[in-house]
Each structure stands twice: as C-alpha cells, then as structure tokens.
Amino acid sequence: MLKLSQLATAVALVVAGNAAFAGEVEVLHWWTAGGEAKSVGELKTIMQGKGHTWKDFAVAGGGGDNAMTVLKSRVVSGNPPAAAQIKGPALQEWAAEGVLANLDATAKAEKWDELLPKGVADIMKYKGNYIAAPVNVHRVNWMWANKAVLDKAGVKGTPKTWDEFFSAADKVKKAGLIAVAHGGQNWQDFTTFESVVLGVGGAKFYSDALIKLDQKALTSATMTKSLETFRKIKGYTDAAAPGRDWNLATAMVIQEKAAFQFMGDWAKGEFAAAGKVPGKDYICAAAPGTDKAYTFNVDSFAMFKLKDAAAQKAQADLAASIMGTQFQEVFNLNKGSIPVRLNMDMSKFDDCAKLSAKDFVATSKTGALLPSIAHGMAVKPAAEGAIKDAVSQFWNDDKISIADGVKNIAKAAATK
Amino acid sequence: MKTFENLLPKLVIAPGFVLGFAFIYGFMIWNGVLSVTGSRMLPNYDEFVGLEQYVRLWDMDRWYVALKNLGIFSTLYVGGSLVLGMVLAIFLDQKVRAEGFLRTVYLYPMALSFIVTGTAWKWILNPSLGLEKLMHDMGWASFSFDWLVQSETAIYCVVIAGIWQSAGFAMALFLAGLRGIDDSIIKAAQIDGASLPRIYWRIILPILRPVMFSTILVLSHLSIKSFDLVMALTNGGPGYATDVPATFMFVMSFNRGQIGLGAASATMMLATVAALVVPYLYSELRAKPHDR
C-alpha cells in the first residue's frame with residue numbers, strides 16, 4: 001500500500017499547499033461562512049501575536065464531510081496538520097488510530113479540569129489524557145418563536161410542556177399560519193426528535209436511551225410516548241418542508257410565516273442578521289419540558305502528533321489560546337454560541353446567550369448536561385447514523401406504526 | 001534489430017497495460033480486501049472479519065431500499081428515455097422545417113450536468129415553490145403534485161428528471177439510425193400497400209435494433225452510476241427513501257466512518273455489473289471467430 005499512500009500525499013499536497021515549517025500551525029477547519037470566518041481570524045491574530053505563523057487549511061462544505069475526507073488522506077500519508085476541527089466520539093475514533101497528540105501538559109498549566117464541566121472534559125479525553133481543545137458550546141434543545149405571530153394567534157406565554165405546545169400550535173394553525181417551521185433533512189428531524197425525547201422522558205431517560213443506548217429504555221413506554229409526540233409535531237409542519245435547509249426554516253419564523261422552530265442556537269445568527277432583538281421580536285426558550293436540561297454540541301480542535309519541536313510548541317500555544325478568555329469571548333460573540341469555560345464574564349452577550357450560559361452552569365451541577373446525539377456528541381458515528389436513519393424514516397413515512405418505529409430505533413441502536 | 005522490432009509493440013502497449021491493471025483492477029482488488037476487514041474510519045488491514053460486513057449489509061433495511069430504488073429507477077429511466085426518444089425522433093423525421101433548431105432544443109438537456117438538472121427539478125417539483133404553486137396562483141386551487149416530498153413517490157421524481165435529461169440523447173441516436181435507413185425499402189413497402197404505422201412497427205423498428213442496444217447500454221450504465229442526480233435532487237431523502245447503492249456507499253464510507261461496510265456495498269455493485277457484463281462479453285468474444 002506504500003505506493004497508494006504516496007499518491008494520497010501528492011493529492012493532498014495539491015489540495016493543501018506545502019508541508020509545515022518550524023513554529024507554524026496548520027489548522028484544518030470548515031468555518032468559511034461570514035461570522036465563522038471572522039471568528040477564525042481572531043484565533044489567527046492571537047497566534048501571530050505569540051510569534052507563530054498561521055497556515056489556514058480551510059475546506060468548504062457545511063458539515064465538514066469534505067474536510068474529513070481531505071484530513072484522512074493527509075493522515076494516512078503521514079503528513080497531518082497541527083490541528084483539525086473534530087468533535088464528539090469521532091475524537092475517540094481518531095485517538096484509537098494513535099495519531100493524536102497528548103495535551104495534558106497544556107491542560108494542567110491552564111487548569112482545564114477546573115474550567116470545564118466534567119461531561120465536556122470527558123469528551124476531550126482519551127484514556128484520561130486530553131487530546132483536543134474545546135472551542136464553544138451550542139445548546140441544541142432550543143425552541144425559537146416569533147412574538148408577533150404568537151400575539152396574532154392569541155397565544156399567551158411560551159409553552160412549557162408538550163400539551164401547552166400543542167394547544168398553542170392549534171391556535172396558530174387556526175390563525176392560518178404554519179405552526180412549526182421545519183427543515184426536513186435527516187439531521188433536522190433528528191434534532192427535533194432529540195428535544196422531544198428529552199422533553200417527554202427527562203434527562204435520565206435521555207441518557208439511558210440515547211447515550212448509553214440501553215435496549216430496555218429504547219423499547220420502554222416512554223419511548224412510545226416520545227414517538228407519538230414526535231409524529232404529532234409533523235402535523236403542524238407544512239408540505240414543503242422535506243429537503244429544506246435549516247436557515248430557510250428559520251427565515252419562515254423571522255418573516256412571520258411560522259410560529260416555532262426547534263433548532264440549535266446557531267439559528268440566533270439568522271435572527272441577528274435580520275436585525276431582530278431577542279425578547280422583543282423573537283423568543284428563545286428551551287424546547288417544551290426541557291428547561292431543566294441542556295443538550296450540548298461542543299466544537300473542538302484535535303491536535304495531531306507532530307515531530308518538529310517548534311511546531312509542537314506552536315501547537316501547545318494554540319491549544320492554550322483556544323481555551324483563553326480572549327478567544328472564547330470574541331469567537332462566541334461572532335458564532336452565536338457560548339464560551340465553554342465556566343467562569344466567563346457574559347456581559348457582552350445577548351439575553352439568549354446569557355440564559356444558555358446560566359443553564360449550562362446549572363445543569364452541569366445537576367447531571368442534566370447532556371451530549372446531543374443529533375450533532376455527533378453522544379454515540380459513535382455508526383450507531384448515530386443508523387438511529388438517524390430510523391428516526392428520519394419514521395418521520396417521513398406515516399405508514400410506519402409507532403410500535404415499528406420503536407422497534408426500528410432499538411434495532412438501529414444496536415449497530416456497532 | 002529484428003528482436004527490437006518484435007519487442008516494440010509490446011513496449012508500447014506495456015505502460016498502458018500496467019497503468020490500466022493497477023488503476024482499474026488494482027483498485028477493485030483493494031476494495032475487495034477492504035470489504036473483509038473491520039475498517040472503520042481509516043483502512044485497517046490487521047482486523048480480518050471475513051464476510052461479516054456482507055452479513056451486516058444484507059441485514060440493513062437501507063440497503064434493500066437502495067436496491068429497490070435502483071431497480072425502479074433503471075427500468076423506468078431506460079425504458080422512458082427510449083420510448084420518448086423514439087417518439088421524438090419519429091416526429092422529427094417527418095422532414096419538418098427548422099429541424100436543426102428543434103433538434104438542438106431536444107438535445108439541450110444533455111449538455112447540462114446532472115447536478116444542474118437535479119437542482120432545477122428540485123425547485124420545479126417543490127410544492128411551495130414550483131409547479132404546484134404555479135397552478136395554485138393561476139387559480140387551479142385543487143391541483144396537487146407533491147411526489148417529491150412523499151417517501152413512496154420521491155424516486156419517481158428522480159426518474160422524471162432523469163428522463164428529461166436523457167430523452168434528447170436517445171432521440172439523437174434514433175434519428176441518426178432513421179436517417180441511415182434506405183428509402184427504397186420504405187417505398188417498396190408502400191407499394192405493397194402497408195400503412196405508415198405498420199411500416200414503422202414491422203420494418204423500421206427492427207432495423208433500429210443495433211441502435212436500440214447501444215442506447216440501452218449507455219443509458220443503463222448512466223442509471224447505475226446515478227449518484228449526482230440523486231444527491232442534487234433529493235439528497236437521498238425524504239429520510240433515505242431515494243437512496244441508491246452509489247449514495248449508500250458514499251454515505252457509509254465517508255460520512256459514517258464505515259469503510260468496510262461501504263467497500264462491501266461497492267463489491268456488491270461490482271458483482272451486479274459483472275453479472276450483466278460478463279455473459280455479454282462472453283457472447284461477443286465467442287461470436288468473433290465465427291464472423292471472420
């Protein structure tokens with residue numbers, strides 16, 4: 001296979017430019033859109049301030065699938081970048097391949113163990129050693145609502161339970177508007193599903209069913225109830241939802257065509273870009289029944305093993321900078337997420353981010369701080385993909401009975 | 001000198017042979033090897049799992065959906081393009097004026113990539129953007145065409161877009177075939193008192209058999225590798241209702257870190273193609289000496 005790996009090197013070189021020099025960090029990421037690119041620029045400035053050279057290795061393409069393909073060819077050919085945007089259990093898979101560097105020295109000097117909630121820190125570790133630096137926290141179990149639409153429909157207050165939600169949605173429907181703006185892509189179906197399971201079953205059930213993949217929980221009556229609720233929501237979406245991008249669904253809420261959307265806090269960027277003010281124009285609230293819990297999606301940079309000593313030093317500085325207060329604040333202001341550090345000053349952030357940060361700290365103490373399965377934080381890609389398939393198939397095909405839906409999801413969860 | 005002249009053809013053909021062998025058959029073998037390993041995110045040759053990946057593959061509902069979709073798509077796509085192309089070619093063969101212009105119009109979709117076709121039809125078939133909305137705006141409120149968003153019917157939308165793309169190509173081939181037919185045969189048939197439909201059915205179509213076979217050959221390989229059309233039009237959705245083996249393989253290998261499983265599905269695709277092509281090649285190669 002030697003020949004083939006050399007070929008891969010050649011291909012990767014054409015794609016990525018040339019090999020690394022001393023004191024240089026090459027960072028693979030797919031943050032190429034407006035606010036995201038600005039956020040990365042901040043990290044670059046910090047690194048240059050410390051005397052290192054920054055080499056951007058940006059591969060466009062939303063979910064990072066393209067970037068991962070390029071990264072694999074680089075790693076297989078023995079020429080990895082210094083850092084790459086990898087998150088969740090995929091970190092463990094990379095670490096198991098033996099290509100990631102140990103960041104314990106930096107982590108100890110910077111006191112990461114004290115700054116990070118345990119649930120987040122565990123994801124950044126492989127066999128007890130830090131292998132990645134977390135960048136931000138996105139909350140996934142949000143519900144976004146347009147205030148004007150709710151007023152028009154005569155809905156008072158924000159629904160706190162699913163029953164309240166359905167009665168509110170009925171009122172919106174009666175007023176001739178779409179109750180739920182949904183983008184029918186499998187990950188969006190899955191995002192809604194995750195919030196429903198958390199809202200119906202609570203944190204303990206979510207953890208048993210969707211993190212530990214316990215078959216007893218997956219086939220329980222609570223799961224049946226979750227799927228009933230999940231299917232009921234579909235009745236409040238419009239016919240054109242399948243295939244719609246998430247930001248178009250958000251636009252429906254912004255433009256007063258729809259009342260609610262279930263989506264992570266990156267949706268806030270769309271509201272902000274349209275000049276909307278939280279609390280006045282739109283409402284951000286935890287999805288019904290989930291206000292005492294928090295599903296998180298943490299982006300992180302994994303550090304690869306490098307031979308050059310100067311490059312290793314630059315890499316350690318990069319890891320420290322990522323967790324530093326300056327970067328955490330500026331980056332997350334641009335990105336719409338919140339800092340992953342627990343003791344940050346939130347005064348510059350908006351109300352939604354403040355609520356998010358408050359709940360983040362509170363749930364980290366009660367054990368209700370949970371990794372999001374829909375965003376690749378909870379289980380390995382194989383099982384996640386299989387469950388996503390089953391959930392999305394259930395959502396899209398009304399002929400699948402609730403009992404079969406439960407069975408399909410439980411079977412998918414057994415994928416290794 | 002004599003030996004050099006003998007060697008020369010072999011030397012010339014050697015690089016092509018080596019490259020072809022390495023990059024076609026070498027990769028096939030590599031893929032076969034991967035499919036019996038437990039490779040997940042990166043290729044892993046140490047973990048031999050035998051046929052486990054194939055067992056997993058044939059245990060997945062999604063794989064059956066992909067196979068069923070391939071069957072539906074290739075049958076309707078090849079058949080539909082053939083029939084529509086044939087009809088267009090016969091109409092265009094009636095010595096109409098501006099034939100060159102019309103031919104270009106019909107052939108134009110072929111100049112577009114499947115990605116463009118898929119994206120355009122995604123908008124046309126979307127109930128709230130395209131055809132359905134147009135009809136509603138024009139006052140036909142009860143019109144409903146939401147195939148694209150229904151799990152059972154979405155694959156037929158892929159068929160529609162595919163036929164739209166390829167019917168013009170089939171037409172061009174048939175038209176060339178029709179033009180190659182000797183007028184005197186038709187005239188003789190007319191003298192014998194045969195009606196026009198009868199002449200087409202009994203004389204012209206049988207003459208077009210070879211053209212038909214090359215069209216089927218080209219269209220069926222297009223249908224097996226229809227990856228870009230599905231990706232652009234439905235992205236495999238709703239759910240995975242429009243998955244085909246090619247998109248299945250891509251998703252498993254590159255998005256889900258299941259290279260072994262993806263390789264197994266690729267091997268199954270190769271086996272399917274081989275099952276069709278090998279008998280064909282065999283009959284071709286056997287027929288050759290006989291012709292001479």
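Note: Cβ is positioned from N, Cα and C throughout, glycine not excepted.
Under the heading transmembrane segment, TrEMBL lists B:12-33 (among others).
Among the features that TrEMBL reports, domain 'ABC transmembrane type-1' is placed at B:67-282.
Long-range neighbours of the transmembrane segment (B:70-92) within the same chain, counting only residues 6 or more positions beyond its ends whose Cβ lies under 8 Å from a Cβ of the stretch, are 99, 102-103, 106, 155-156, 158-159, 162-163, 166-175, 177-178, 200, 212, 215-216, 219-220, 222-224, 226, 244-245. Annotation comment: TrEMBL describes B:70-92 (among others) as transmembrane segment.
The list of residues near the transmembrane segment (B:104-124) in space but at least 6 beyond its ends in sequence, with Cβ under 8 angstroms from a Cβ of it, reads 88, 92, 130-131, 148, 157, 160-162, 164-169, 171-172, 226, 228-234. Feature annotation from TrEMBL assigns transmembrane segment to B:104-124 (among others).
TrEMBL lists B:153-178 (among others) with the feature transmembrane segment. Beyond its flanks by at least six residues, the transmembrane segment (B:153-178) meets 69, 72-73, 76-77, 80-82, 84-86, 88-90, 92-93, 103, 106-110, 112, 114, 117-118, 121, 125, 147, 204, 207-208, 210-211, 214-215, 218-219, 222-223, 226, 229-230, 233-234, 237-238, 241-242 of its own chain at Cβ-Cβ distances under 8 Å.
Per TrEMBL, the feature transmembrane segment maps to B:199-224 (among others). Within the chain, the transmembrane segment (B:199-224) has long-range Cβ neighbours (under 8 A, six or more residues past its boundaries) at 70, 73-74, 77-78, 81-82, 85, 90, 162, 166, 169-170, 173-174, 176-178, 181, 185-186, 189-190, 245-246, 269, 272-273, 276.
Long-range Cβ contacts of the transmembrane segment (B:259-282) within its own chain (Cβ-Cβ under 8 Å, at least 6 residues beyond either end) map to 28, 31-32, 34-43, 49, 53-54, 56-57, 63, 220, 224, 245-246, 248-250, 252-253. Sequence annotations record features per position, and here TrEMBL assigns transmembrane segment to B:259-282 (among others).
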